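These features come from TrEMBL:
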- 152-398: domain 'Malate synthase TIM barrel' (DOMAIN)
- 156: active site, proton acceptor (ACT_SITE)
- 406-515: domain 'Malate synthase C-terminal' (DOMAIN)
- 438: active site, proton donor (ACT_SITE)
């Protein structure tokens with residue numbers, strides 16, 4: 001096993017994370033499950049190839065029909081600290097210590113401690129983030145409630161598609177999720193369990209019950225190794241893929257001893273339609289800024305089915321993250337308008353029966369908690385079985401009507417370019433036009449642009465075809481918004497975005513594409529060299 005030396009200034013944190021015990025545990029964990037991770041990724045490719053060649057659409061699986069038909073089974077009840085999940089803070093990259101501490105001091109029910117969508121997985125960010133979690137669990141942050149009283153930590157490791165470049169195990173780069181999960185469990189699992197506050201996880205981008213089964217095996221193995229009782233680990237699976245929407249009951253079944261429920265979110269899920277069926281014209285997704293929201297039939301059906309499935313099996317169902325941010329000045333028209341917009345969106349989810357959802361803006365915690373207090377009874381809505389719901393494959397696969405607007409094209413380009421720009425600067429999310437943007441919105445943005453080019457969609461505004469020429473003209477406005485000191489990085493980001501959306505074959509994930517890209521890796525090497533040069537200068541100045 002090889003671990004690269006620490007980034008400059010993180011020597012103590014690196015040493016605290018990579019102890020002899022943690023390295024032995026990590027080596028054994030990754031060695032045990034590495035082939036299974038490869039198999040999961042190969043099965044994804046095989047399933048996609050079969051779908052492309054056969055034209056077959058997803059359906060509820062015949063081989064698992066007995067699981068769906070059996071009314072008797074339930075997931076194990078969750079611990080008391082997970083019974084009330086009204087408002088979690090989303091996109092909380094723990095490498096940002098100041099924001100992490102503010103979240104720990106907040107009144108939120110939970111924190112999505114994010115090593116995935118809202119985080120850029122540089123070695124610096126991973127080490128700092130995991131170290132900060134260890135600090136929080138061991139009550140090392142001043143002015144922060146004890147871990148048993150602070151908001152529950154919902155730890156989100158990276159998804160299966162990500163690797164950790166800085167660690168090699170048996171001659172291969174380590175799977176990102178096993179690296180994150182292993183270190184978090186080794187250093188925090190027992191302490192969280194002792195204080196009845198975990199270990200709890202979010203699992204990203206799970207595409208099938210086979211993948212849920214693998215996570216369950218990893219949980220069982222880890223609990224045995226660390227001496228924790230079976231069922232100590234609880235995990236909420238994010239249903240972010242159209243294939244997974246047809247296997248929600250099976251996913252709960254595989255994780256029934258470790259389930260903390262399912263979660264639905266709009267943008268990764270919508271992007272998965274382009275991922276799986278983007279080459280088919282009958283799956284052309286219209287402009288998301290005008291025609292795609294949770295009120296559209298395919299998304300409403302997805303949320304209704306998720307709530308019904310979870311509550312039928314005694315599992316909690318949670319909604320997505322409110323990305324809008326409240327303006328700084330209270331009692332203004334813009335403040336009232338934004339708050340009303342978020343309330344309307346979240347009331348749709350509460351009416352559907354969700355037990356909780358996420359916000360990014362900490363100032364939204366209290367007003368969203370008040371929504372639950374006014375419109376629901378008790379800690380959750382498990383009693384709402386949604387027996388009125390009957391969702392068919394056609395419901396889940398019906399694309400909304402609508403076209404493509406110049407505004408929507410420019411908006412998608414801006415989000416995609418600025419996300420890549422954020423990654424090149426080591427950040428996993430950024431702010432644009434009053435809301436937070438992360439890899440989920442970057443995913444849908446670049447997916448739509450790729451699909452519109454592929455099918456030569458025409459703009460509603462002037463009937464121009466979306467092609468390379470229109471794309472380059474439309475992207476010029478992004479380049480004009482930068483200050484001289486960051487111009488070159490933004491130009492590089494724009495070039496990388498164009499490269500991604502003009503690919504003949506759709507890159508499956510923007511994050512894995514960037515994480516393997518020479519330009520991104522070179523930028524990180526450049527930052528490392530700059531840090532080392534600064535440190536050398538500091539040492540020389542001391543002499």
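Each Cβ is built from the backbone N, Cα and C atoms, and glycine gets one as well.
Because TrEMBL annotations are produced automatically, they should be read as predictions rather than curated entries.
The residue listed as 'active site, proton donor' and residue 156 (active site, proton acceptor) have their C-alpha atoms 15 Å apart, to the nearest angstrom. Secondary structure of the domain 'Malate synthase C-terminal' (406-515) per DSSP (helix as H, G, I; strand as E, B; remaining residues coil): 72 helix, 9 strand, 29 coil.
The average pLDDT for the domain 'Malate synthase TIM barrel' (152-398) in the predicted structure is 97. Within 10 Å of the C-beta atom of the residue listed as 'active site, proton acceptor' sit 28 other C-beta atoms, taking all shown protein chains into account.
A simple way to gauge crowding: the CB of the residue listed as 'active site, proton donor' has 28 other CB atoms within 10 angstroms, across all the protein chains here.
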